[in-house]
Amino acid sequence: MITGKTSIFGIMGDPVEHSLSPPMHNTTFSKLAIDSVYVPFHVKKGYLQSAMVGARSMGIKGLNVTIPHKTAVIEYLDSLDTAAKLIGAVNTVKFDENEVKGYNTDGLGAVKAIEEVTTVKNKKVVILGAGGAARAISFQILLEGAESLVIANRTFEKAIELKEDLAGKLDVNVKTVTLGFDLENELKNADILINTTPIGMYPNVNQKPLVTADMMHGGLVVNDVVYNPLETGLLKEARKAGAQTISGTKMLIYQGVEAFRIWTGIEPPVDIFEMALMNELRP
Ligand SMILES: NC(=O)c1ccc[n+]([C@@H]2O[C@H](COP(=O)([O-])OP(=O)(O)OC[C@H]3O[C@@H](n4cnc5c(N)ncnc54)[C@H](OP(=O)(O)O)[C@@H]3O)[C@@H](O)[C@H]2O)c1
C-alpha cells in the first residue's frame with residue numbers, strides 16, 4: 001500500500017508507456033518488502049527542466065531517463081559518475097538531499113549480461129552499430145579492460161566519430177570497418193560479437209542479420225541487444241554456428257538491477273527482475 005512514507009522512483013521519457021522498467025522495479029520492491037513505488041512519467045521535449053525541478057522539490061528519490069532526454073538531462077544534474085561522463089548520456093538519476101547525480105547503467109548492463117557467460121577483460125570485441133547503445137556499451141567494454149574493439153556500422157563516418165571519441169578519452173585499441181568483407185575478416189579471431197542495430201526487431205523478425213552463421217565460429221559469444229523477439233535472427237545464426245548466445249533481455253535486466261542498487265544500496269536478486277520481465281514479454 002502507498003502511504004505517506006512510500007519512496008517514489010520512476011522513469012521519464014517520450015514515449016514511456018511501453019517501458020518494461022515499472023514491472024521489474026515494482027515486482028522487486030514488493031518481493032523485498034521495500035516501501036517504494038516506480039512510476040512512468042511522460043515528459044515531452046521542452047518539459048525536461050520543469051520535470052527535473054519538480055522531481056527534486058517533490059522528494060522523488062530516483063529516476064531512469066530514456067529517449068529523448070538522456071543527454072539533455074545532464075544540464076540539470078550536480079555531478080556525473082565516470083561512465084556517464086565519458087558516454088555523455090545518463091539513464092539513471094539519484095536525488096540526495098544535497099546532490100543530484102547522474103549515472104549510465106546501459107553499458108554496465110551489457111557487460112554484466114556478457115559476464116554471465118564469459119569475461120570481457122583481454123577479449124576482442126566486435127560491435128555492430130554506432131548509435132546510442134553502441135556508444136554506452138563501447139565505453140563500458142573498454143573500461144572493463146577489453147583488449148580491442150572493432151566498430152562496424154552502415155554509415156562509416158559514424159563509426160569513425162565514435163572511434164575518435166573513444167580514442168580521445170581512453171587509451172584504447174579501436175578499429176572501424178564497413179559491413180561486409182572487412183567485418184567477416186575481423187570476426188575470424190573475435191571473442192565477442194554485440195549487435196546494437198535494430199535489425200531483426202519485431203515486427204521485422206525476418207530481416208537478414210548483418211552476420212550469418214558462416215561468418216561465425218564456435219568459440220564466439222554473441223549478444224543481441226534486441227530483446228523482442230527473445231531469439232532474434234542473429235542469435236539463430238549464432239546457434240547454428242555453435243556459438244554461445246545472450247538475449248537482449250539480459251542487458252535490460254542488468255541496467256535495471258544496477259539502477260536499483262544505486263538508488264537503494266541493495267543488490268537485488270537478478271531472478272526477480274528476470275521473472276518480472278519475462279511475464280511481460282511472453283505471449
Ligand atoms: N536490451 C536493452 O536494454 C537495450 C538498450 C538500449 C537499446 N536497445 C536496442 O538497441 C537498438 C539500437 O538502439 P540505439 O538507441 O543505439 O539506436 P540508434 O542510436 O538509432 O542507432 C542505431 C544503429 O543501428 C544502425 N542501423 C539501423 N538500421 C540499420 C540497418 N537496416 N542496417 C544496418 N544498420 C542499421 C544505425 O546505423 P547508421 O549509423 O548507418 O544509421 C545505427 O548505428 C534498438 O533496437 C533498441 O531497442 C536495447
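The backbone N, Cα and C atoms fix where each Cβ goes, and this holds for glycine too.
For LYS70 (active site, proton acceptor), the same-chain residues lying six or more positions away in sequence with a CB closer than 8 A to its CB are ALA89, VAL90, ASN91, GLY132. Per TrEMBL, the feature active site, proton acceptor maps to LYS70.
TrEMBL lists SER19, LEU20, SER21, THR66, ASN91, ASP106, TYR227, GLN255 with the feature shikimate binding site. When secondary structure is read from DSSP and collapsed to three states, SER19 (shikimate binding site) falls in the coil class. A sphere of 10 angstroms centred on the C-beta of SER19 (shikimate binding site) encloses 17 other C-beta atoms.
The NADP(+) binding site feature in TrEMBL is assigned to GLY129, ALA130, GLY131, GLY132, ALA133, ASN153, ARG154, THR155, PHE156, GLU157, LYS158, VAL225, GLY248. Counting only same-chain residues at least 6 apart in sequence, those with a Cβ under 8 Å from the Cβ of ARG154 (NADP(+) binding site) are LEU179, THR197.
TrEMBL lists 11-93 with the feature domain 'Shikimate dehydrogenase substrate binding N-terminal'. Mean pLDDT across the domain 'Shikimate dehydrogenase substrate binding N-terminal' (11-93) comes to 98 in this model.
Here TrEMBL flags 115-197 as domain 'Quinate/shikimate 5-dehydrogenase/glutamyl-tRNA reductase'.
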Three-state secondary structure, which DSSP defines for PHE156 (NADP(+) binding site): helix
Same-chain residues at least 6 apart in sequence whose Cβ lies under 8 Å from PHE156 (NADP(+) binding site): THR176, THR178
Fewest-neighbour residue among binding-site residues, criterion Cβ within 10 Å, set GLY129, GLY131, GLY248: GLY131
Chain-internal residues, separated by at least six, CB under 8 A from TYR227 (shikimate binding site): SER247, GLY248, THR249, MET251, LEU252, LEU281
Binding-site residues compared (SER21, THR66, ASN91, GLN255) - highest count of Cβ atoms within 10 Å: ASN91
Largest separation between Cα atoms (Å) of residues that the record links to NADP(+), namely GLY129, ALA130, GLY131, GLY132, ALA133, ASN153, ARG154, THR155, PHE156, GLU157, LYS158, VAL225, GLY248: 26
